[in-house]
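Peer 1: Here TrEMBL flags 88, 89, 90, 142 as (6R)-10-formyltetrahydrofolate binding site. What TrEMBL records for 106, 707 is active site, proton donor. As annotated by TrEMBL, site 'Essential for catalytic activity' applies to 142. According to TrEMBL, the feature domain 'Carrier' maps to 318-395. Annotation source TrEMBL lists NADP(+) binding site at 571-573, 597-600, 630-635, 650-651, 757, 804-806. Here TrEMBL flags 673 as active site, proton acceptor. Per TrEMBL, the feature active site maps to 673.
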């Protein structure tokens, strides 16, 4: 059948796609014009298929059809018009033209709830049944004969969003397509709509969505959920318009404990509890709302109403007033340059410094020992009024945050008890994966299971992304002062430092990292990274730019650096916590929210990090951690339309796949830190002992599971044999064993599959004719241990000369004395370009070589010396983008240019 699809939106797009699958000929798509340069999804889909698309801004003027528009429509030769969702007025000349007429989808059970806000009114009226109708269009407003109807139950706490996603959208698409099938088969009925039960309600807008408190709790609940989230039910509270979201009916047998909130017109004050704002109907029954939004757009959890800096203030009793006056005197003694302390006096704008904060905290303790302040409390409440309000709430015990519930797995190991979260972390809570799915994470030291870990599913990814999006767009994080954001990140680093031994122990048993290295590098550098980026939060700035088009008027052009939004981070298993820190710290400092997928084999430090982030006070939804498979979780993050940036560290093969998915989905910003085959050139004029020591570190550091490991050593022929001899002597001194043993030099490989690949890699080297000096096989003991290995006589064409081992395998090739350019050619003859190194006492030679090595990092007379302030990233197929340093911030920021004429 020849069909014209008239409408818009994702719903229209899905109907269009299903009609094409059914074999119908879509002769034209008529939709709305592009908005802000972006086409409607229906138009995008049709244009992709080569279907004619028409984007008329209107079909009629002054009630009369536009002849040119009607003519273009008629030229398509449509036999049926399908209107899945249409916001335009379509003239009857178009409606009646096709052979089979026109059908329209409407999201209610007609004749009930005619009009544009049908879903809203289904909920507002408290209907127990909802559904949709596909009807034959006529010249009335949703009055045409019924072709098909389908119904569903309306759940007590459904919102417009939930009922639409659960039933009206998916079943509505199917129902519309089924209606077309009936028409094609000649079986479509035309059932006249009955007059009985017919209703028409107005369009819901902000100005008519004010809450009437003089009704039952259920009616108030229905009004709030019927307007959630658009246009939003509101009421006057403390002199300002406050919008209510997330309403649920409450069991009236449960007493509400909290702080009263006067609401004009309500039968009794609301109660702000830890769970939300409890409201009362005129029947004495209750409901609860989860979120509130103020006129300035700021949205908060309702439970935080009295902590959100709103105009609502705690009324002080006489004892509290006395305390306030005592503190006024303290402020006066500190701020000696201020003549009088009033409620608006700002502690820091009046000249207070960090030592004054310490003094103020101690002064409070002297006068009210039960009011235990932290320095951060002063920084977050800088005016005298806010400071007193905060102190009084603490004295009343009303400032307690919602308790973080953690189902720990506890183990006594490394002379301590470690407490490990093992569930997904979504929206500030540890939760099970959908369906309770789990997997076992393995200790590589002995191959035994550590614990069961929740295995994220696609629905869990969607929940985490939604939480991150809400936290960014509507939560306090997106609106937080950058300096306050920096303090929270710094507090997180402090907590990590307090738990550093526990984090290092978890890292050791989960990844096989030697404990001393885990403490210094895996955890130590992670702490340094968060502290470093905490300092950047209030230093992210744009610039002013002189422009040529400045005459005859005056112009000002400036740039702003803005956060991107929801960022996905996918990290590998070699440095589980450090890779998290390198990306997440910059991401958070820039003001974004994050959904992070740790490597499936090493999830535990990431989950411990989530706990510490929550305890540091990062708002819900800012950090979300999803252990799971790359094929499922990583792929969904790459595809998700609400993720705007993805940072990935891992293999080049997977990096290419991610880059493609990010491009196809929504052109996400991407940064990739991928594979490497880093060359290390050792000249005969080097400090031999240092070259041996650092050369071994360049290969065997972290058991060779190191992205910048020297994948190939080029040693000048005159010192080659001496160098190899010394390396072998040092390897013999290395202790292979339990990573928790402080004397261990070399721990197990991360997991069994990687161990097997190393064995195969070395077998390939032997087959190709390279000389195996030592190692090359698995250590005969429980766990995943592999011997430190040395190959010499490695030729440029060999597999082991080209591909990285990502393990403790030293690949040595000779080069002739004096042939600097030739060894540079060989060193650069790789598709990778992550790192490189050179050892020589000749500074001119060192500079010459470092200029010509094609890699993101060049080490001279050292190796593995990364620092939080120095940018890190590769060239060629080692990826693009930077971790660490100021440049890392740019990976998580977007630049906006603003030009003003004045």
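A Cβ is built for glycine as well, from the same backbone N, Cα and C atoms used for every other residue.
TrEMBL labels come from automatic prediction, so no person has curated them.
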Peer 1: Could you check the binding-site residues 88, 600, 635 and say which one's CB has the most other CB atoms within 10 Å?
Peer 2: 600
Peer 1: Can you grab the distance from residue 90 ((6R)-10-formyltetrahydrofolate binding site) over to residue 632 (NADP(+) binding site)? Cα atoms, rounded to a whole Å.
Peer 2: 44
Peer 1: Going by DSSP assignments with H, G and I as helix and E and B as strand, what are the residue counts for the domain 'Carrier' (318-395)?
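Peer 2: Going by DSSP assignments, the domain 'Carrier' (318-395) contains 49 helix, 2 strand, 27 coil.
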Peer 1: Largest pairwise Cα distance, Å, within the listed (6R)-10-formyltetrahydrofolate binders 88, 89, 90, 142?
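Peer 2: Between the outermost Cα atoms of 88, 89, 90, 142, the distance is 14 Å.
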Peer 1: Can you tell me which recorded positions out of 88, 673, 707 are within 10 A of residue 806 (NADP(+) binding site) by Cα, answering none if there aren't any?
Peer 2: 707
Peer 1: By the count of other Cβ atoms within 10 Å, pick out the sparsest of the recorded positions 571, 632, 707.
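Peer 2: Sparsest of the recorded positions 571, 632, 707 by Cβ contacts within 10 Å: 632.
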Peer 1: Let me check the 10 A CB neighbour count of residue 757 (NADP(+) binding site). How many other CB atoms are there?
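Peer 2: Result for residue 757 (NADP(+) binding site): 14 neighbouring Cβ atoms inside 10 Å.
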Peer 1: Between residue 757 (NADP(+) binding site) and residue 142 ((6R)-10-formyltetrahydrofolate binding site), what is the CA-CA distance rounded to a whole number of Å?
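Peer 2: Per the Cα atoms, residue 757 (NADP(+) binding site) and residue 142 ((6R)-10-formyltetrahydrofolate binding site) stand 66 Å apart.
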Peer 1: Would you identify which of the binding-site residues 89, 806 has the most other C-beta atoms lying within 10 angstroms of its C-beta?
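Peer 2: Most Cβ neighbours within 10 Å: 806.
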Peer 1: Determine which residues of the same chain, besides 88, 89, 90, 142, have their CB within 8 A of the center of the CB atoms at the recorded (6R)-10-formyltetrahydrofolate site, and list them by sequence.
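Peer 2: Close Cβ neighbours, site residues excluded: 83, 86, 87.
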Peer 1: Which site among 142, 673 has the most other CB atoms no more than 10 Å from its CB, taking these as recorded positions?
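Peer 2: Ranked by Cβ atoms within 10 Å, first place goes to 673.
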Peer 1: Between the recorded positions 106, 597, whose Cβ has more other Cβ atoms within 10 Å than any of the rest?
Peer 2: 597
Peer 1: Taking Cα atoms as reference points, which of the recorded positions 571, 597, 673 is nearest to residue 89 ((6R)-10-formyltetrahydrofolate binding site)?
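Peer 2: Closest candidate to residue 89 ((6R)-10-formyltetrahydrofolate binding site), judged by Cα separation, is 597.
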Peer 1: From the recorded positions 88, 106, 142, pick the residue whose C-alpha lies nearest to the C-alpha of residue 635 (NADP(+) binding site).
Peer 2: 106
Peer 1: For residue 106 (active site, proton donor), find which of the recorded positions 142, 571, 597, 600, 673, 707 come within 10 Å, Cα to Cα.
Peer 2: 142
Peer 1: Take every residue in the domain 'Carrier' (318-395), average their pLDDT values, and give the whole-number result.
Peer 2: 85
Peer 1: Specify the count of other C-beta atoms within 10 Å of the C-beta of residue 90 ((6R)-10-formyltetrahydrofolate binding site).
Peer 2: 21
Peer 1: Just to verify a number: CA distance, residue 707 (active site, proton donor) to residue 571 (NADP(+) binding site), in angstrom, no decimals.
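Peer 2: Given the Cα positions, residue 707 (active site, proton donor) is 12 Å from residue 571 (NADP(+) binding site).
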